[in-house]
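For reference, the structure is listed below as structure tokens.
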Amino acid sequence: MSFNALPQSSMPLLMGNSLNAWSDALTGFAPMGLPLGLLVIAAIPLVFIALYALTYGVYGERKISAFMQDRLGPMEVGKWGILQTLADILKLLQKEDIVPTSADKFLFVIGPGVLFVGSFLAFAVLPFGPAFIGANLNVGLFYAIGIVALEVVGILAAGWGSNNKWALYGAVRSVAQIVSYEIPAAIALLCGAMMAGTLDMQEINVLQSGTWGFAHFFLFQSPIAWLPFLIYFIASLAETNRAPFDIPEAESELVAGYFTEYSGMKFAVIFLAEYGSMFMVSAIISIVFLGGWNSPLPNIGPLALNDMTTGPVWGAFWIIMKGFFFIFVQMWLRWTLPRLRVDQLMYLCWKVLTPFAFLSFVLTAIWMIYVP
Amino acid sequence: MAGQGSVRVTRKSDNVVIIEKDLATEEMVLSMGPQHPSTHGVLRLECRTDGEVVTEAEPYLGYLHRCFEKHCEHVDYQAIVPYTDRMDYLAGMNSEMAYAIAVEKLLDIEIPRRVEFIRVIVSELNRIASHLVAIGTYAIDLGAFTPFLFCFRDREHILNMLEWASGARMLYNYIWIGGLAYDVPSDFQKRVGEFVDYFRPKAVELSRLLTENEIFVKRTKGIGIMPADVAINYGWSGPMLRGSGVQWDLRRNDPYSIYPELDFAVPVPDGKFSDVGDCLSRHLVRALEIEESLKIIEQCIGKMPPAEGFDPRAAVPKRIRPKAGEVYARAENPRGELGFYILSDGKSTSPLRCKARSSCFVNLSAMKDLSKGQLIPDLVAIIGSIDIVLGEVDR
């Protein structure tokens, strides 16, 4: 399927009516031979991660958890405490940058960096709306699955470099967990890729657009799509070390896991990376199963809700909203469930999720071959 | 057969992990505490670990030692009461009551009936507060944060009421030898009744959020099993012993105060929901005891004698100088049997010797046995289920 197949009517003229209009224009912007446009493209996800982690990530999580726990949450700094995160960041910036004397200095310093780069690089192939994608790779989904594994290197570097027994435990647990959970996660995503017939992130989105809104989403296109959807969601919780799979940083067992020794800005970078990957997995699950930047609203007779809510800006709105919804579910689970044990976590991965992921893979294949 | 360097990890039926390996790996000594989030204060466990498996854990105590027993030999009998608050600081009323009972037994004095009722009400309220902390922190040990805050929200109401009665939130100095510091405020019974009505649905909510949670059950069922005979040999008491299936409650088995007049059950696990003697049983006993305490409080409110002409200090002796002799009195604390052994020489106004039998200390002594071959997360679950208060362990 080519881009021309996209119904022109669903793309109101806001700024160019072809796919990737904004990012293509930016790529071409290179005054005096300097690729400034590419820099802007790289900066957009960075600014987005920082802004969202500050507002929805930290402040939102604190307010949501407070709401669930009969508390008020931050209320002192600014109205309703909205400036609390800013104050926290300023505090972290002022902190002394401590490297433990017995730590492996090199690994200790690069650990948070590698961790953040791992989650940030995946943003390159996340389409923020039909008009913008960092790098329009034809193996975008594959790239996203693969590049996340870089986080493991960062975690191991941080845990080993700290020269702290708790950090080492956290790092070893984390590596075992992330590497294991990549298998069901990847197989579940393959089901989506199989339904699309492509690994191109923009094309997966395009294939899910149509005037019926949500009915075109892959989740509703096949009777078994909910299974890989569920498997990927569970596995993504484990990949981002979120509860109930937060055993690498289990604060009641391992003090703080692999970042026990970190403070100040390095700690903030680890936090940023965590929120970055939270949004990344949420965006991937919404792209592959819930239509990405497509509007979920259908056209109902003369009321063309779908057409009204489609376009480059609307696309960015929808994908960010879908991502935020899954982040909300992640927070909801975190503040509800206890933590699993290491062996139970591995049991869930290898004996439950992986077989069911294979099953859903086979069933999706059968569905794709025999049912038009 | 396994090849060279292979490791076989098996879990026996009683949940002890056995590691067999052809290639010897080094054991790591892991110092857990005194600054560790789940050692409930300043307990230190020196663990020998093989990967995630703890082959041996040795508890080290004394980081909170304040010479309680030596202090007692140098202050008057009345002045020891505030010290008992600081032993088990989560259940100050219960500790005060145990101490007061001991000295009253030594002096052989009669206590007004209303005093007994007020003592039972405040100590049962404090028992609920203490169990709420135990359950809440146990939830945190297992990674569930929200039940903890629910517990503390409800505990706050109890602390407010106890503050209303005594003027302090945790360290009350309310139960005096022979009486009370003050009578309860005039609306106290009404407010306590309101709290009981408010708290019943909250307890159900808590059990649905935590006790019936699949992950919670998975984490605690079959972990840290203590057979009844071993528990008795260790001298366990309170919810720990009842968790092992022994129906032993001093309020029933060695009654004191007005407990014989009250109708309440002594819950022990039946082995259907949990394996008898495991962490889940101990948690269940605490959760069920909250309901029994509510029952006791309700009965006490109904039966309490009127306040007319009541002087809470009527039987309080001005100067305590007991006859030469010794006494041991014990009471059922939220954490088990708290006993005071007091020796008087008949001349002094302070005891010659005052020994406290701490339930936490005795319960903790089984730690070494319980921790053998457990995973680190299970070790945390076991420490949490023992529900230690280091203020009482170290004294």
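All residue numbers here begin at 1 and follow the chain in the order shown.
Each Cβ is built from the backbone N, Cα and C atoms, and glycine gets one as well.
Unlike curated records, TrEMBL annotations are generated automatically.
Per TrEMBL, the feature transmembrane segment maps to A:36-59 (among others). Sequence-distant contacts of the transmembrane segment (A:36-59), counting only residues of its own chain at least 6 positions beyond either end whose CB sits under 8 Å from a CB of the stretch, comprise 23, 25-30, 74, 81-82, 84-86, 88-89, 120, 123-124, 126, 128, 132, 134, 271-272, 275-276, 278-279, 320, 324, 327.
The list of residues near the transmembrane segment (A:106-128) in space but at least 6 beyond its ends in sequence, with Cβ under 8 angstroms from a Cβ of it, reads 44-46, 48-49, 99-100, 134-137, 140-141, 143-144, 147-155, 157-162, 201-202, 205, 259, 261-262, 266-267, 269-270, 272-274, 276-277, 280, 283-284, 287, 292-293, 315-316, 319-320. Under the heading transmembrane segment, TrEMBL lists A:106-128 (among others).
The annotation transmembrane segment is assigned in TrEMBL to A:140-160 (among others).
According to TrEMBL, the transmembrane segment annotation covers A:181-199 (among others). Proximity of distant same-chain residues to the transmembrane segment (A:181-199), defined by a Cβ-Cβ separation under 8 Å and at least 6 residues beyond the stretch ends, is recorded for 1, 138-142, 145, 148-149, 207, 218, 221-222, 225, 227-229, 231-232, 234-236, 238-239, 245, 284, 288-289, 349, 353-354, 356-358, 360-361, 364-365, 368.
According to TrEMBL, the feature transmembrane segment maps to A:211-235 (among others). Long-range contacts of the transmembrane segment (A:211-235) within its own chain (CB-CB distance under 8 A, at least 6 residues past either end) are made by residues 7, 10, 181-182, 184-185, 187-189, 191-192, 195-196, 284-285, 288-291, 294-299, 304-307, 326, 329, 348-349, 353, 356-357, 359-361, 363-364, 367-368.
Distant neighbours of the transmembrane segment (A:267-293): 49-50, 52-53, 57-58, 89, 92-93, 112-113, 115-116, 118-120, 122-123, 126-130, 141, 144, 148, 151, 154, 158, 189, 192-193, 196, 201, 204-205, 208-209, 214, 216-219, 225, 228-229, 232-233, 236, 239-242, 259, 314-316, 318-319, 322-327, 330; these residues of the same chain sit at least 6 beyond its ends, with a Cβ under 8 Å from one of its Cβ atoms. Summarising the annotation, TrEMBL assigns transmembrane segment to A:267-293 (among others).
As annotated by TrEMBL, transmembrane segment applies to A:313-333 (among others).
Here TrEMBL flags A:345-370 (among others) as transmembrane segment.
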Distal contacts, the transmembrane segment (A:345-370) - CB-CB under 8 A, six or more residues away: 176-177, 180-181, 183-184, 187-188, 190-191, 194-195, 222-225, 227-228, 231, 234-235, 238, 245, 247
